[in-house]
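What follows is a structure written as structure tokens; I'll ask about it next.
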């Protein structure tokens, strides 16, 4: 029998798991972010509206996130390694099937249902396994893995545009099917880790396996509501940032540059945000609310670009707004998953990750089609980005109900220690206020 370690190793094979999660994130969300470049070609080929083609990416996002609790449950029962490997094969088959599509329905089934189901089996188990390997540097490790999104977008956006120009959308999807097959070896690197807080046996019953009992915790319920609203706008740039740039006359490679700028800001901010969160200077819930609000403001800025200048001279403004959005969205992303062990404990983090993905799917299914509908009605994406930015701001406001999100005045205690593993949020940093009588008669207060 292998003895259980005293706690997460905070390194070692955990860095290999982080590299695997990096690739998994890049080949899922990074690819989804770049896929918007193909939507205009699909709309032209099938003679359909922007709203209709937006459902391709929206369904992929929604299925990937709505089915994530299933991936988490299977991972809890059978282990993350086989589940992620099977998910990689399903994702690849979805792209290959879609390359031979004769209608949008085939794309809905191939990219939306089949590839989306494969992504549902890879992301939550990979990220949940990574969280189990780290404690003190958990948010930094999660941020490092999530930079795969930005790095992949930086590489795949111009590559996909080149493939579309060279081979058309069918050839591009066929080659993407070969690329996404690399998810399978990434799953093979997810070595199981047994921790002292793990239950002695897998959960019995569907509700326990999916982790639905976590909604009985007030803090997780507040987090869930805020995350569902944020999901209504967070993924709109994945689908419509490139078409927005095309509408403004930037051309195919100009649109790819806008996506790449957002990706660079996103990737760099994830590392910085992860490092900042691990220092314990500011409560994770407060950082989550602040960076969520900044992400909403960034989307508002992207939508307002056509209103502040002429279409001919808006390239610089759109690049700046996309960079600001990328920085804020990248800072927000690792905090969503980094705060989970503090809400549910490290033993429930895999199930909680799947539930978070399901919650974001509720908004992810609404956001891109709503954005496409507003574009068809108004002629541009201004109203789309304004509406979706408002969703994110609303969700960030709800995050203020989490413990530690707002400053408070109460008797001070010792400075915060590394995040506990049993589901208690890291306390807010404490500042001692001295009374006029001097240090001896001071009433220490944390604000």
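Each Cβ is built from the backbone N, Cα and C atoms, and glycine gets one as well.
Here TrEMBL flags 14-407 as domain 'Major facilitator superfamily (MFS) profile'. The transmembrane segment annotation in TrEMBL covers 12-32, 83-101, 107-127, 139-160, 172-194, 215-236, 248-269, 281-305, 317-337, 344-366, 381-402.
Map the listed features onto the structure and describe their local environment.
Sequence-distant contacts of the transmembrane segment (12-32) (same chain, at least 6 residues past either end, Cβ-Cβ under 8 Å): 57, 60-61, 64, 84, 91, 119, 122-123, 126-127, 129-130, 133-134, 141, 144-153, 156, 176, 179-180, 182-183, 186-187, 189-191, 235, 238, 263.
Counting same-chain residues at least six beyond the ends of the transmembrane segment (107-127), those with a Cβ under 8 angstroms from any Cβ of the stretch are 17, 20-21, 24-25, 28-29, 35, 42, 55-72, 74-75, 80, 83-84, 86-95, 97-98, 101, 142, 145, 173, 180, 183, 186-187, 190, 337, 350, 353-354, 357.
Cβ atoms under 8 Å from those of the transmembrane segment (139-160) belong to residues 14-15, 18, 21-27, 29-31, 33-35, 37-38, 126-127, 130-131, 133, 172, 176, 242, 253, 256, 259-260, 262-268, 270-275, 277-278, 284, 326, 330, 333-335, 337-338 of the same chain, restricted to positions at least 6 beyond its ends.
For the transmembrane segment (172-194), the residues of the chain that approach it from at least six positions outside its boundaries are 2, 4-5, 8-9, 13, 16-17, 19-21, 23-24, 27-28, 31, 38, 79-89, 91-96, 98-99, 111, 115, 118, 122, 125-126, 129, 132-133, 160, 163-164, judged by C-beta separation under 8 angstroms.
If you look at the transmembrane segment (215-236), the same-chain residues 6 or more away from its ends with a CB under 8 A from one of its CBs are 32, 61, 65, 292, 295-296, 299, 329, 332, 336, 339, 343-344, 352, 355-356, 359-364, 366-368, 370-371, 384-385, 387-392, 394-399, 401-403, 423, 425.
Cβ atoms under 8 Å from those of the transmembrane segment (281-305) belong to residues 139, 226, 230, 233-234, 236-237, 241, 244, 248, 273, 314, 317-318, 321-322, 324-329, 331-332, 335-336, 338-339, 342, 381-386, 388-393, 395-397, 399-400, 402-406, 419, 425-429 of the same chain, restricted to positions at least 6 beyond its ends.
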May I ask which of the stretches 248-269, 344-366, 381-402 has the most CB pairs under 8 A with the transmembrane segment (317-337)?
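Answer is 248-269, with the largest number of Cβ pairs below 8 Å.
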Using a Cβ cut-off under 8 Å, which residues of the same chain at least 6 positions beyond either end of the transmembrane segment (83-101) come close to it?
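Distal contacts: 24, 27-28, 71, 74-75, 107, 109-111, 113-122, 125-126, 170-171, 173-174, 176-178, 180-188, 190.
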Averaged over the whole of the domain 'Major facilitator superfamily (MFS) profile' (14-407), what is the pLDDT?
84
